[in-house]
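To start, the structure under review is shown below, and the notes come after it.
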Amino acid sequence: MEQKVPVLWTEQLATTQEDLPDPKAVDLYEFRFSDFPITEHGLIQCGLRLFFEINVVEKFKVPVEVLTRWMYTVRKGYRSVTYHNWRHGFNVGQTMFTLLMTGGLKKYYTDLEAFAMLAAAFCHDIDHRGTNNLYQVKSTSPLAKLHGNSILERHHLECSKTLLQDESLNIFQNLNKRQFETVIHLFEVAIIATDLALYFKKRTMFQKIVDACEKMETEEEAIKYVTADPTKKEIIMAMMMTACDLSAITKPWEVQSQVARLVASEFWEQGDLERTVLQQQPIPMMDRNKKDELPKLQVGFIDFVCTFVYKEFSRFHKEVTPMLNGLQNNRMEWKSLADEYDARMKVMEEEVRKQEEGNMIEKAAEDSGSGIDDKKSKTCLML
Ligand SMILES: [Zn+2]
């Protein structure tokens, strides 16, 4: 028994670059990437591959066994909840990689910054409980006592930083003090930025950067404008984290429709807890009795939250347009399901109305004298 775990770990740690998946074969450079055909273990291998692809392993002298151990531990840090599990964590990392490489956003960042952004993306929801910040507050969870705002995000950040305190997991162990501080600062900005409550505040700031870059004559001018100001780089990075976190909404319909059901299921599970534990009525989004409203809720979410993110990113970098196209296609699909549902409801309402009308006529007939006579005659006939 005691032998089994170390043997398994030795096997896992023996990973070499050659054993890792071919990025092209599994669409690692594509916005349309789907984790569905890949096992959870396979995703760890893909994650390792991404660090090699951005060339940080050699450059920052990351011991391969430390990187491997860190990746396995990150995966283990995710609970097996319905949606906010390791698969979601991986997808956010993969989208960060794709935005940097395929989307061309790497040009604003140093290799060290890209390294930190990719690692932070993988870690961003570690130890998520499948319930949101408001639930932590309402249930007075220990986390809510610990953190005043962005409760879960602060917890994910703490977990991520704790991993790095263990030298056998510290992928940044060969950085100098200043570099290490930069990484930790970026982890803080990136992970806290995944709190959607903060997204609305940074929207205008991001839009201003995109507006300014759009007016510039050359690419060099835009790069200079962004890179000369660390705040601009952080605003873009924060918005990239949001784009990654919500990226399931941009995936091909077969993927999006399934992932949306996982998100909804986790919400409904929270709704159940609100009813049973908190004795409160959940909001429609978390109420499994209002399942049929999912398509309408998705259209609303796309219109009020997601469209801005992918429209602005596509305007900023045209290479990101596949995400916007995917989003618009999914909007069309959800809208037609929502319209179908509305049409069905209309028919049902009409039937109810007709039924009620019929009942009223009958009642009026009963109340009038003739109705009574009819009944009498009927009785007479039967007799
Ligand atoms: Zn997330």
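Note: Cβ is positioned from N, Cα and C throughout, glycine not excepted.
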Correct range for region 'Disordered' (source TrEMBL, candidates 132-152, 153-173, 321-341, 363-383): 363-383
Per TrEMBL, His88, His124, Asp125 bind Zn(2+) 1; matching candidate in Asp229, Asp245, Asp272, Asp287: Asp245
Fewest other C-beta atoms within 10 angstroms, as judged across Asp125, Asp245, which are the binding-site residues: Asp245
Residue among recorded positions His84, Arg87, His88, His124 with least C-beta crowding, 10 angstrom cut-off: Arg87
Listed binding-site residues with Cβ under 6 Å from ligand 1, out of Asn85, Trp86, Arg87, Asp245, Gln298: Asp245
Residues near Asn85 (AMP binding site) in space but at least six apart in sequence (CB under 8 A): Tyr78, Arg79, His128
